[in-house]
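Visitor: Structure provided below as structure tokens; questions to follow.
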Amino acid sequence: MTNLRKTHPLMKIVNSSFIDLPAPSNISSWWNFGSLLGICLIIQILTGLFLAMHYTSDTXTAFSSVTHICRDVNYGWLIRYLHANGASMFFICLFLHVGRGLYYGSYMYLETWNIGVLLLFAVMATAFMGYVLPWGQMSFWGATVITNLLSAIPYIGSDLVEWIWGGFSVDKATLTRFFAFHFILPFIIAALAGVHLLFLHETGSNNPSGLPSDADKIPFHPYYTIKDILGVLLLILALTSLVLFSPDLLGDPDNYTPANPLNTPPHIKPEWYFLFAYAILRSIPNKLGGVLALALSILILAVVPFLHTSKQRSMMFRPFSQCLFWILVADLLTLTWIGGQPVEHPFIIIGQLASILYFLLILVIMPITSLFENNLLKW
């Protein structure tokens, strides 16, 4: 008798995705982050659902409803901090997942890569709107500053901003719609992740060498299920340690002050995972230029496959490209640091240099270096 998991209409989808999936035998722990992102999404949806049961999206009561969750709801503080710090873990996994894709040439799977870029945008939008919901000082002013950037769009800018606000400033209408979008987007992200997996399973996984691995495949279960479980346990260990020992480590103290439109905080800055993009935005003195640079800092990922000039897919055997990759990582860490600093000397010039280097590395230096490495192979 044929196994039920191979014949049942639903079970065979699960079987071909997570059990009998042929996987390369040499994929390293850098390939764990896909499953970790899935776990992060599940954690965020579950904790978010329980938070939504107690949260009110009204300017008069939003802040106090979050306080009520932390003080009066059973384990409300735990749910709230799991959700807030779960977002940080989500972004850590995202950045490592994207970095892995860049290093090992996974971007050569165009459909999978482009849906991944779309997913990154969707998660960033969700996180931004979620940050507005507690209605603290940084929530309000962050929303004001970021939505205001759209006014830089010629002709329709100011109308667009008022349309998004639902009035003439960030107010009740804005908060209500942000809550609605923040609730629906994770489900859209889950659907997109399904499509992301669908396209990945059309081609099969890449591997560290970047060479075809059809001749050497192993079943996903038990090898990679066990490996993924180890990753999940480490993720949960990191998240619970953060939540139980220093839940406010990555937050902003200003967000414990209720939103006040009449009092601007001295330093408006987003959560740590947006700081690199915020630094790029601030490094250009022109408003429209800054907005374009901000959008391009993420959109540039969609261009990466077309800038691949190397004869080899992975960077495993390309030491010069490896050096440039780690310079890019250091540059992004520098931008993250600059994004959290005040706009004054020497931070302004450091931010501008780091922003220029970011775009130069991806658009010019890395493709030229790849061509140089191709010529090295001839010698």
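Using the three backbone atoms N, Cα and C, a Cβ is placed for every residue, glycine included.
Source: prediction; values computed, not measured.
The heme b b562 binding site feature in Swiss-Prot is assigned to His83, His182; the stated evidence is similarity to another entry. Sequence annotations record features per position, and here Swiss-Prot assigns heme b b566 binding site to His97, His196 based on similarity to another entry. Annotated ubiquinone binding site per Swiss-Prot: His201, in sequence order. Annotated transmembrane segment per Swiss-Prot: 33-53, 77-98, 113-133, 178-198, 226-246, 288-308, 320-340, 347-367, in sequence order.
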Visitor: If you skip the near sequence neighbours and keep only those at least six away, which residues in the chain come within under 8 angstroms of His83 (heme b b562 binding site), Cβ to Cβ?
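Guide: Non-local contacts for His83 (heme b b562 binding site): Gln44, Thr47, Gly48, Leu51.
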Visitor: Going through 113-133, 178-198, 320-340 one by one, which has the most CB pairs that fall under 8 Å from the transmembrane segment (347-367)?
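Guide: Highest pair count goes to 320-340.
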Visitor: In this structure, which of the binding-site residues His97, His182, His196, His201 has the fewest other Cβ atoms within 10 Å of its Cβ?
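Guide: Lowest Cβ count within 10 Å among the binding-site residues (His97, His182, His196, His201) is His201.
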Visitor: Taking contact to mean 3 or more CB pairs closer than 8 A (sequence separation of 6 or more), are the transmembrane segment (77-98) and the transmembrane segment (178-198) in contact?
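Guide: The transmembrane segment (178-198) and the transmembrane segment (77-98): touching, no.
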Visitor: Given a Cβ distance threshold of under 8 angstroms, which distant residues of the chain, six or more beyond its ends, lie next to the transmembrane segment (178-198)?
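Guide: Long-range Cβ neighbours of the transmembrane segment (178-198): 17, 37-38, 41, 44-45, 48, 52, 55, 57, 112, 115-116, 118-119, 122-123, 125-126, 129-130, 132-133, 143.
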Visitor: How long is the line from the C-alpha of His97 (heme b b566 binding site) to the C-alpha of His182 (heme b b562 binding site), rounded to the nearest angstrom?
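Guide: Given the Cα positions, His97 (heme b b566 binding site) is 23 Å from His182 (heme b b562 binding site).
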Visitor: In terms of Cβ proximity under 8 Å, which residues at least six beyond the ends of the transmembrane segment (226-246) contact it?
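Guide: Residues 29, 32-33, 35-36, 39-40, 43, 78, 81-82, 85-86, 88-89, 93.
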Visitor: Give residue numbers and ranges for long-range contacts of the transmembrane segment (113-133): same chain, 6 or more residues beyond its ends, CB-CB under 8 A.
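Guide: 55, 57, 62, 66, 87, 90-91, 94, 97-98, 101, 106-107, 139-140, 142-143, 146, 174-175, 178-179, 181-182, 185-186, 188-189, 192-193, 195-196, 199, 270-271, 273-274, 298-299, 301-302, 304-305.
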Visitor: Quick one: pull the CA-CA distance for His182 (heme b b562 binding site) versus His196 (heme b b566 binding site), whole Å only.
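Guide: Spelling it out, the Cα of His182 (heme b b562 binding site) and the Cα of His196 (heme b b566 binding site) are 21 Å apart.
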Visitor: Give the helix, strand or coil assignment DSSP yields for His182 (heme b b562 binding site).
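Guide: Looking at the DSSP assignment, His182 (heme b b562 binding site) belongs to a helix.
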